[in-house]
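Before any comments, here is the structure.
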């Protein structure tokens, strides 16, 4: 309702239906989700294989060859690293950054280890090894800052401060739902739940599925591997970090300077920097409305880790004045 003002009841009903459709199946309306079985994704976010879905000017992704929008790039496959990330973050730095991860009160005690991180990181070409030393350090700081926010056990008066308590949690707290969305491409396994696990708290079958395929693990049938195998756990987070989800760039490309904002990005104040990474991860809830405590928590971790690694945070670290990547999508389809 906040996008357009309608006075006629019929217009309100049309908007309601469009909103329901816009988040239904694929494309920018569904966070970059892809259609199963080779079907086309229409401009309105539905999957199909007729001209209404695949025809020129009617298809936004997974389109037939020929004129039309470019399909979403494939998920990057982990490969040999072009350098050694241990030159950027040592074991002692890792322990200093995640100082209280092994506290007795932390659910993830003794799970997140330096060796597991290094093993996982070396499986992804370019992670922590792209660009000059400044860019490499910022990527490591940004990755651990965002994942520390997702797994934090800190509070304002915590020993050593709230930003020394990243990686305290391993599984989503409370009584989470199954996070199963009907999908022929990534079907949920009987009895399995796809709630948040690991450093990035990966959720939903449509994330566990492609992540597992990329790292060589059947996470649809065994999602808890993300919470029982530390290398797999770190790989799930790095996979998310390295993977673009249209219309969003990858976190990796943003922090390493490989992403160039479009005119629409610039108009939305989405400029290169740590703030865009927060926008990628949770911009729909946290960005675009001024100061937000969750955003400030992410920034607090980032500043601390940059200090430990000996690098400046760079520009545009907040997203309070940025529009989320999903804002305005309804207008673009009308």
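Positions of Cβ are set from backbone N, Cα and C atoms, glycine also.
Worth saying up front: this structure is predicted, and the values here are computed from it rather than measured.
DSSP assigns residue 150 (active site, proton donor) to a helix. Annotation comment: Swiss-Prot describes 150 as active site, proton donor, evidence class similarity to another entry.
Per Swiss-Prot, the feature compositional bias 'Pro residues' maps to 66-79.
Summarising the annotation, Swiss-Prot assigns disulfide bond to 26-41 (among others).
Annotation source Swiss-Prot lists disulfide bond at 35-47 (among others).
Here Swiss-Prot flags 40-54 (among others) as disulfide bond, drawing on sequence analysis. Summarising the environment of residue 40 (disulfide bond), the number of other Cβ atoms within 10 Å of its Cβ, over all protein chains shown, is 26.
The secondary structure of residue 63 (disulfide bond), as reduced to three states from DSSP, is coil rather than helix or strand. What Swiss-Prot records for 59-63 (among others) is disulfide bond.
Here Swiss-Prot flags 106-168 (among others) as disulfide bond, drawing on sequence analysis. Within 10 Å of the C-beta of residue 168 (disulfide bond) there are 22 other C-beta atoms, taking all protein chains into account.
Residues annotated as disulfide bond in Swiss-Prot: 180-188 (among others). The local packing around residue 180 (disulfide bond), expressed as other Cβ atoms within 10 Å of its Cβ over all shown chains, amounts to 18. Under the DSSP three-state reduction, residue 180 (disulfide bond) is assigned to coil, being neither helix nor strand.
According to Swiss-Prot, the disulfide bond annotation covers 287-319 (among others). Spatially close to residue 319 (disulfide bond) yet at least six residues away along the chain are 275, 276, 278, 279, 283, 286, 287, 288, 295, judged by Cβ distances under 8 angstroms. DSSP gives residue 319 (disulfide bond) a coil state; it is part of no helix or strand.
Positions annotated as domain 'Chitin-binding type-1' by Swiss-Prot, on the basis of sequence analysis: 24-65.
Annotation comment: Swiss-Prot describes 73 (among others) as 4-hydroxyproline.
Among the features that Swiss-Prot reports, 4-hydroxyproline is placed at 74 (among others), with the record citing similarity to another entry.
Under the heading 4-hydroxyproline, Swiss-Prot lists 76 (among others).
Swiss-Prot lists 64-84 with the feature region 'Disordered'.
As annotated by Swiss-Prot, signal peptide applies to 1-23.
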Within 10 Å of residue 41 (disulfide bond) (Cα to Cα), which of the disulfide-bonded residues 106, 168, 180, 188 do you find?
none
Cα-Cα, residue 150 (active site, proton donor) versus residue 106 (disulfide bond), nearest Å, comes out at 14
From 26, 106, 180, 188, the disulfide-bonded residues whose CA lies within 10 Å of that of residue 59 (disulfide bond)
none
Taking every protein chain shown into account, which of the disulfide-bonded residues 26, 63, 188 has the largest tally of Cβ atoms within 10 Å of its Cβ?
26
